[in-house]
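Engineer: One structure is given below, represented as structure tokens, and several questions about it will come after.
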Amino acid sequence: MITGERMAAVDENAAALGVSRKQLMESSGHAVAREVRAVADPGDRVVVVAGRGNNGGDAFVAARFLDDYEVTTLLLGRAAQIGTDIARENWDALERADYDTREVTDSSGVALPDADVVVDAMLGTGISGDLREPAATAAAAITEADATVVAVDVPSGFDADAGDHADNGVEADRVVTFHDAKPGLAALDAAVTVADIGIPVAAERFVGPGDVRLARPDGRDGRPYVIGGGPYTGAPALAAQAALRAGAELSFVAAPDSIAGEIQGYSEDLIVQPYDSDVLTPAVADDLLETAERYDDVVVIGPGLGTADETLEAARQFLASYTGRAVVDADALEVVSDLETDATLVCTPNRRELARMGGPEADDLAAAADEIEAFAAEIGHIVLAKGANDVISDGERTRISRSGTVGMTVGGTGDTLAGIVAALLEHADPLDAAAAGAHVNGLAGERLAAADEHGFLASDMLAELPAALWGGDDE
Ligand SMILES: NC(=O)C1=CN([C@@H]2O[C@H](COP(=O)(O)OP(=O)(O)OC[C@H]3O[C@@H](n4cnc5c(N)ncnc54)[C@H](O)[C@@H]3O)[C@@H](O)[C@H]2O)[C@H](O)CC1
Ligand SMILES: [K+]
């Protein structure tokens, strides 16, 4: 099962792997033609009703595979309004090759020609809101037509993220959906075929630019709260700065008053809140919990905390009561394994910490991905296991990030990772935030290594984060 927005991410990952959207469109169109052939007799009349996006583009491809039938392709709009190059190229090919094509420029022209089969290619996963004209009128005409209706990807009007169908959406007899089932499709009164369109498994297994686009904030978003420090001061500062560089609006650090000034000294951009103690204690944890629940529901707990017994008890107590989203890093990971909590945790162990938590002992994390997935299922939280390749799993879905470089074994890169994940956790699905966070941290290291493989610092990565998050678009 895959949502429409994740499908777009997988498409983008496939393109980055070298399987272009145009190749996918050709496969999609061929799959649609196969379905039409299954319900039509030679010589039947097939009417394609196409929208201006790639859903329409799929049907322009299908028309080229239906020479045994009388095919008419209607475009709802003018060719100049076709929204993507690959759809426009396929429309132009139909026109140049003298296929029967018609541009319908207003809803009065939507009177459907007689048809044995209608291909509904108006709207797919690019839909937003209820059907607008002329798609609404066309949808009614298609539903009422005395023809077998074959829908491309989803019936027009169906929302592949929410899994529901517009009241005025097309009622299809058959649906050819691509790559994977969509939530809610099975509930429709239609025969659904899932067509393999040649997307490499790697496009879902390995984190790519589509995952980064899906998880990154559009504007400034969120106020993560870093609970770290005491005795160390650099780690919480790196995590909090990384959160700002990854799109957070504000970044708070709660730290012992003995070192709060030092942490503030690293950066005027941080809001450092001292607490009256030398280390995090259970008594302090209660106050921090109240603040965390008030500010925003994402915290980072762990960077630089140290391993004093009362500190670990305080971390345990905080997490047991917390109900928001938390990145748990470094020393705080010790308390996760037998923790009862309603919080959504993203645990970010390195190989050593993973073993200490009770997870698999592995030199090559990617090779141990299944065991890491089982461990994530066992503890009931997301595990982002950090290594040469990072393994990110929620116990059901597992992704691998291959970004990064050997220079990132310098201290502090785990702290920047924790901060990036916290910023993305404000709005993205937790697994998407963890996968994209791991990937972007690695991309920042790669950007530094391009200049000089050795000797860069975790703090150097901060300035590379915006380009790693927003700069890699393939368009
Ligand atoms: N990997 C795959 O699944 C592939 C899918 N393909 C096909 O691409 C579409 C998604 O294409 P996209 O261009 O993103 O959007 P659509 O064609 O679905 O629709 C955009 C089109 O519709 C207009 N529009 C949006 N909302 C409405 C509305 N409520 N009422 C009326 N019109 C609306 C918008 O203005 C655009 O013009 C996917 O479904 C697959 O069919 C790829 O071809 C191959 C890989
Ligand atoms: K459709």
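The backbone N, Cα and C atoms fix where each Cβ goes, and this holds for glycine too.
Unlike curated entries, TrEMBL annotations are predicted automatically.
Model, not experiment: these values are computed from the prediction.
Sharing the record's features from TrEMBL:
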DOMAIN    7-205  domain 'YjeF N-terminal'
BINDING   54-58, 124-130, ASP153, ALA235, GLY304, ASP415  (6S)-NADPHX binding site
BINDING   ASN55, ASP120, SER156  K(+) binding site
DOMAIN    226-472  domain 'YjeF C-terminal'
BINDING   GLY414  AMP binding site
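In terms of burial and nearby residues, how do these features look in this structure?
Structural biologist: Summarised as a single figure, the pLDDT of the domain 'YjeF N-terminal' (7-205) averages 96.
Within the same chain, the residues at least 6 positions away from GLY56 ((6S)-NADPHX binding site) whose Cβ sits under 8 Å from its Cβ are ALA50, LEU75, LEU76, ILE82, ALA87, TRP91, ALA121, MET122, listed in sequence order.
Sequence-distant neighbours of ASN55 (K(+) binding site) (same chain, 6+ apart, CB under 8 A from its CB) are ALA121, MET122, LEU123, GLY124, THR125, GLY126, VAL152, ASP153, SER156.
Taking a C-beta cut-off of under 8 Å and a sequence gap of six or more, GLY414 (AMP binding site) has these contacts in its own chain: PRO303, ASP329, ALA330, THR348, ASN350, LYS386.
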Engineer: Taking only the binding-site residues ASN54, ASP120, THR125, GLY129, which have a CB closer than 6 angstroms to any atom that belongs to ligand 1?
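Structural biologist: Cβ < 6 Å from ligand 1, in sequence order: ASN54, THR125, GLY129.
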Engineer: Which of GLY129, GLY304 has the fewest nearby Cβ atoms, counting only those within 10 Å, among these binding-site residues?
Structural biologist: GLY129
Engineer: Using Cβ atoms only, which residues of the same chain lie under 8 Å from ASP120 (K(+) binding site) while being at least 6 residues apart in sequence?
Structural biologist: VAL49, ALA139, ILE142, VAL149, VAL150, ALA151, VAL152, PRO155, SER156, VAL170, ALA172
Engineer: Where does GLY304 ((6S)-NADPHX binding site) sit in DSSP terms: helix, strand, or coil?
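Structural biologist: Its secondary structure by DSSP: coil.
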Engineer: Which residues, in sequence order, are found in the same chain with Cβ within 8 Å of the centroid defined by the Cβ atoms of ASN55, ASP120, SER156 at the K(+) site, excluding those residues themselves?
Structural biologist: VAL49, GLY51, GLY56, ALA121, MET122, LEU123, GLY124, ALA151, VAL152, ASP153, VAL154, PRO155, GLY157, VAL170
Engineer: Listed binding-site residues: ASP120, THR125, SER156. Which have a CB under 6 angstroms from an atom of ligand 2?
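Structural biologist: So the answer is ASP120, SER156.
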Engineer: Find, among the binding-site residues listed as ASP58, THR125, ASP153, SER156, the one whose Cβ has the highest number of other Cβ atoms within 10 Å in the structure shown.
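Structural biologist: For the binding-site residues ASP58, THR125, ASP153, SER156, the Cβ with the most other Cβ atoms within 10 Å is ASP58.
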